[in-house]
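Read through the structure below, which is laid out as C-alpha cells, and then see the notes.
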Amino acid sequence: MGVSDNSRGLILAVVSSLFVGMSFILKKKGLRRAAAAGTRAGGGGYTYLLEPLWWAGMITMIVGEVANFVAYIYAPAVLVTPLGALSIIVSAVLAHFILKERLRQMGILGCVSCIVGSVVIVLHAPEEHTPSSVQEVWKLATEPAFLIYVAATLSITLVLILHFEPLYGQTNILVYLGICSLMGALTVVSIKAIGIAIKLTLEGINQFKYAKTWYFISVALIFVIMQLNYLNKALDTFNTAIVSPIYYVMFTTLTIMASAIMFKDWSGQDASSIASEICGFITVLTGTIILHMTREEEQPNATGAVTWFDGDRSKAGREEPHFITLDNSDYFD
C-alpha cells in the first residue's frame, strides 16, 4: 500500500520545521561569532558572510524551505501551514540548551497563544483554488484588488525601511520582522506560481517559455534576499525565542491575507468559520503583545547590551572609571 499525497506532505512539513528551527540557532551562533570579530549585522555589518556557522544555518534553512515548498505540492495549505509552528518549538528548545536563552513564564504563555491563534486561523482559513497555469496566476495578480494590496505592501515596506528602521530598528522587533513578513507574503505568491510552473513542466507542459514565469522567479529571488538581510538583523538584535514566534505569526497572517485577496478564497465562508478566524486573530494579537511586553522588560539598548557608568566624578584623578556591561541573556530567568 503506497503512501498518500497528504502523508508525503505531512512528513515533508515536519522535516521542514525541524530544519528551519535548527537554522535559527546555527545562524544566531554564527552572527555572535561574527559580531565578536567585526561589525554586527544589526549595525549594518556583513562579516557574518565569512562565518561557516552562519552558512551552515543558511544551508539548513534552504533545505527546510525546499521541503516546505515540495510539501505544498502534495498536501493542501490547511495541513502544511500550521506545522510551521513546530519550528518555533524547535528553536526555543535548542536556544534554551545551546544559546542559554530562557523565556519567562509570561513569554511561554505568549508563545503558546501565538501558536494556538495561528493554528486556529489556518485551520479555519478557506481552501484556495489552485491555478492551472502561470497565465492564470498572472491574471489573478493583475486584478485591481491585488494590485492595491501590492501597492500598499510596498509602500509600508518602504516607510519601515527608510523611516522607522533608522529610528527604531534596534529597539522595536516589529520593524525588522514587519519588513520580512510583508515581503514574505508577496514571496509566497511568486513561489506558488513557480511551483505551478515546475509541476506543469514536469507533466510535459513547458511553462518556462513564458516571460511571466521568469518574472515571478526574479521577484521571488529579490524578496528572499531582502528577507534574509532583515531576518539576520532581527536575530542579531533580539532574542531568538522572541523572533521565531512573532515572525511566524506575522508571516502566517499576512500570507493568508495575500492569498485571500489574490485567489478570492473568502467568498462562500460561513459565519462559524469567520467567527473562528476572528477569535484566532485576537488570540494571536494577545500572544504578540505578551511577547513584546516580555521583551520590553529586558530593557536592551541600541546594541543589545546595557552599559552604565559606575564611578564618582571625584575619583577621576585617583582611578579609572569602572563600567559594567550586561548581555541580553542576563535578563532571562
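The backbone N, Cα and C atoms fix where each Cβ goes, glycine too.
Values in this document were obtained by computation on a predicted structure and should not be read as measured data.
Features of the protein shown, as given by TrEMBL:
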- 6-26: transmembrane segment (TRANSMEM)
- 80-99: transmembrane segment (TRANSMEM)
- 106-125: transmembrane segment (TRANSMEM)
- 145-162: transmembrane segment (TRANSMEM)
- 174-198: transmembrane segment (TRANSMEM)
- 213-231: transmembrane segment (TRANSMEM)
- 238-262: transmembrane segment (TRANSMEM)
- 274-291: transmembrane segment (TRANSMEM)
- Message: Six or more residues beyond either end and a Cβ under 8 Å away: which residues meet both conditions relative to the transmembrane segment (213-231)?
- Response: 58, 134, 137, 176-177, 179-180, 183-184, 186-187, 190-191, 193-194, 197, 207, 243, 247
- Looking at the stretches 80-99, 145-162, 174-198, 238-262, which one shares the most CB pairs under 8 Å with the transmembrane segment (6-26)? 80-99
- Task: Would you kindly list the residues that approach the transmembrane segment (80-99) from elsewhere in its chain, counting only those six or more residues past its ends and only Cβ-Cβ distances under 8 Å?
- Result: 9-10, 13-14, 16-18, 20-22, 24-25, 28-29, 64, 68, 71-72, 111, 114-115, 118-119, 122-123, 239-241, 244-245, 248, 252, 255, 329
- Task: Give residue numbers and ranges for long-range contacts of the transmembrane segment (145-162): same chain, 6 or more residues beyond its ends, CB-CB under 8 A.
- Result: 175, 178-179, 182-183, 185-186, 257-258, 261-262
